[in-house]
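Taking it in order: structure first as structure tokens, then the write-up.
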Amino acid sequence: MGCRDVHAATVLSFLCGIASVAGLFAGTLLPNWRKLRLITFNRNEKNLTVYTGLWVKCARYDGGNDCLMYDAAWYSSVDQLDLRVLQFALPLSILIAMGALLLCLIGMCNTAFRSSVPNIKLAKCLVNSAGCHLVAGLLFFLAGTVSLSPSIWVIFYNIHLNRKFEPVFAFDYAVYVTVASAGGLFMTALLLFIWYCACKSLPSPFWQPLYSHPPGMHTYSQPYSARSRLSAIEIDIPVVSHTT
């Protein structure tokens, strides 16, 4: 595995991360988190289904595409605890995942466009590409946890609502989209962890990042004139002893 080159695992993880973030965006905006089905026994009327999202609410007849009632201010009056938690959890997860994508992109760009000749003056400013991938993997795992937990809670909260009222509540496909996107974030983190563990040197500690520049760079030292003033301890002073 070419650890000092852009590997297929890092590119695949970056693309998987983009797809997962796009899925989280879609799940956040979809008005299909919960549906309430109202059945009428009048043959002259149609059944009504109320679709509840995180930000809007829509009511439509069965077989219809137009909303009879569209509540655009639903986000400020959400009375269901699981949806209220999702209003904060999903945007937070998206922000964390976007930060992870940025770190992953920085690591890949540094690996692809790094100079083969090390510059000792920029040694302290070099970006550690492998360290970026490691931190990005941790952030992807955190984003997946933040988005997956409240999304699964919606399923159990529907069971609670059906027991408390009537069995007319059901979760909609926005739950599936978000759960699948959270799974994509976990897959992205797993790919980055596998790449890092396969490339790291085994004797080194697990948390020690890889160096993106050639190892020979550590053997370079600045000229004597560029060093700071050496103390008496650092300078080997010959000791002359007088014998009588």
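Backbone N, Cα and C define each Cβ position, glycine as well.
Owing to the predicted nature of the structure, the values given are computational and were not obtained by experimental measurement.
Feature annotations, courtesy of Swiss-Prot:
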MOD_RES   Ser228  phosphoserine
MOD_RES   Ser231  phosphoserine
TOPO_DOM  1-10  topological domain 'Cytoplasmic'
TOPO_DOM  32-87  topological domain 'Extracellular'
TOPO_DOM  109-135  topological domain 'Cytoplasmic'
TOPO_DOM  157-174  topological domain 'Extracellular'
TOPO_DOM  196-244  topological domain 'Cytoplasmic'
TRANSMEM  11-31  transmembrane segment
TRANSMEM  88-108  transmembrane segment
TRANSMEM  136-156  transmembrane segment
TRANSMEM  175-195  transmembrane segment
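Across the topological domain 'Cytoplasmic' (109-135), mean pLDDT in this model comes to 63. Under DSSP, the residues of the topological domain 'Extracellular' (157-174) split into helix, strand and coil as follows: 10 helix, 3 strand, 5 coil.
Tertiary proximity for the topological domain 'Extracellular' (157-174) is limited to same-chain residues at least six positions away from its ends with a CB under 8 Å from its CB atoms, namely 27, 30-39, 51, 53, 80-82. Counting same-chain residues at least six beyond the ends of the transmembrane segment (88-108), those with a Cβ under 8 angstroms from any Cβ of the stretch are 6, 10-11, 13-14, 17-18, 20-21, 24-25, 27-28, 54, 127, 129-133, 135-137, 139-140, 142-144, 146-147, 149-150, 178, 182, 185, 188, 192.
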